[in-house]
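Structure first, commentary second.
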Amino acid sequence: MRLKDCHNFHDFRRMAEKRLPGPIFNYIDGAADDEVTLRRNTASFDSCDLVPNVLRGVTEVDMSVTVMGQKLAMPVYCSPTALQRLFHHQGERAVAAAAARYGTMFGVSSLGTVSLEEARRISNGPQVYQFYFHKDRGLNRDMMTRAKEAGVEVMMLTVDSITGGNRERDKRTGFAIPFKLNLAGMAQFAIKPSWAIDYLTHERFKLPQLDAHVSMGGGVMSISRYFTEMLDPSMTWDDVADMVRHWGGQFCLKGVMSVEDARRAVEIGCTGIVLSNHGGRQLDGSRSGFDQLAEIVDAVGDHIDVIMDGGVQRGTHVLKALSLGAKAVGVGRYYLFPLAAAGQAGVERALELMKTELERGMRLMGCTSVDQLTRENLRFR
Ligand code: FNR
């Protein structure tokens, strides 16, 4: 299978599955418990239909949006995800460069495999730095200082991962960082030579270095220990309010789902929220960001930028979210599978397809700019 044969999310996913050892593919593809939320995230876009307008003169289409003070050429950005150099040696470097090329925002994860400083050097396109709340308050402040010094525009605190989700696929394959593969897992690595050659050549079979705070004494702390030992489950709104004040700029909470929480995010001075269930990887059975969108936009949309993610695989999914009032939409697996399949060329092809689908979709909807998409353009079944 070649990159030019990939025309949509499913093609990229298949190509990634062919190249990646099973444990790594399943780490990306999988989710928590019975994966109900994972499936619902995409299925919820089918609960409504687009209602187009015609004969509106749609020669020029402007897809740009401004979200949390950042101008994006299209309303889709690369949500922060962990461990990208494990999927392809170009990892975050490829995604940062591809996002900049398409004029959109790149989310640097604090569980990433390049530092935020390096990501910043690769592109001067808009970037968010995503982090978690640590018991060590000094570490939280250090991370914000580093982000400020590196010139990061938006701080993003993920609040849906105060403990790790129950990822049963990872338990079955033995996927863990550092690797703790079982026999079946090891066999999976042996039969995927192109991944193994890539890894041997570029990473010499060492785990790519995680961002500094997850590394301990030159070794790498396991991610499950990181969640249980370093993150602070006692975190409250007061702690976040302190951080928002300390940062003093664009601050976004990722993983807010309830109206009550969205209102509190406004009260403490956040400038954005991402409605997200972490791609179904945390609380299985939780509602999809898309299903929750209208309620949240009605409650706080005039005061804060409302973004959603989860299950987005098509330009028309994005058009539906924008019609309901989202300012922008995040994608995770949509760019991770292309990254795993073909590195930067893969991510660029995926973003190109998204851009083409969005342009075509906007024309077919009779819209020349994103703000023309309204709830009049959507009907729920
Ligand atoms: C994630 N996500 C995530 N989120 C976050 O805030 N920090 C992180 O380090 C990660 N890591 C991560 C790894 C992998 C492999 C995946 C698939 C996801 C969640 C991500 O930012 C986003 O919320 C979801 O991926 C959105 O769902 P879709 O687009 O993957 O369906």
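Glycine is treated like the rest: Cβ placed from N, Cα and C.
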Of Arg93, Arg167, Arg245, residue recorded by TrEMBL at the glyoxylate site of Tyr27, Tyr132, His278, Arg281: Arg167
Candidate sharing the FMN site with Pro80, Thr81, Ala82, Ser109, Gln130, Thr158, Lys254, Gly332, Arg333 (per TrEMBL), from Ser64, Ser234, Ser276, Ser323: Ser276
Integer Cα-Cα distance in angstrom, Arg281 (glyoxylate binding site) to Pro80 (FMN binding site): 14
Largest separation between Cα atoms (Å) of residues that the record links to glyoxylate, namely Tyr27, Tyr132, Arg167, His278, Arg281: 20
Neighbourhood of ligand 1 - binding-site residues from Pro80, Ala82, Tyr132, Arg167 with Cβ under 6 Å: Pro80, Ala82
Neighbour count (Cβ, 10 Å) for Tyr27 (glyoxylate binding site): 23
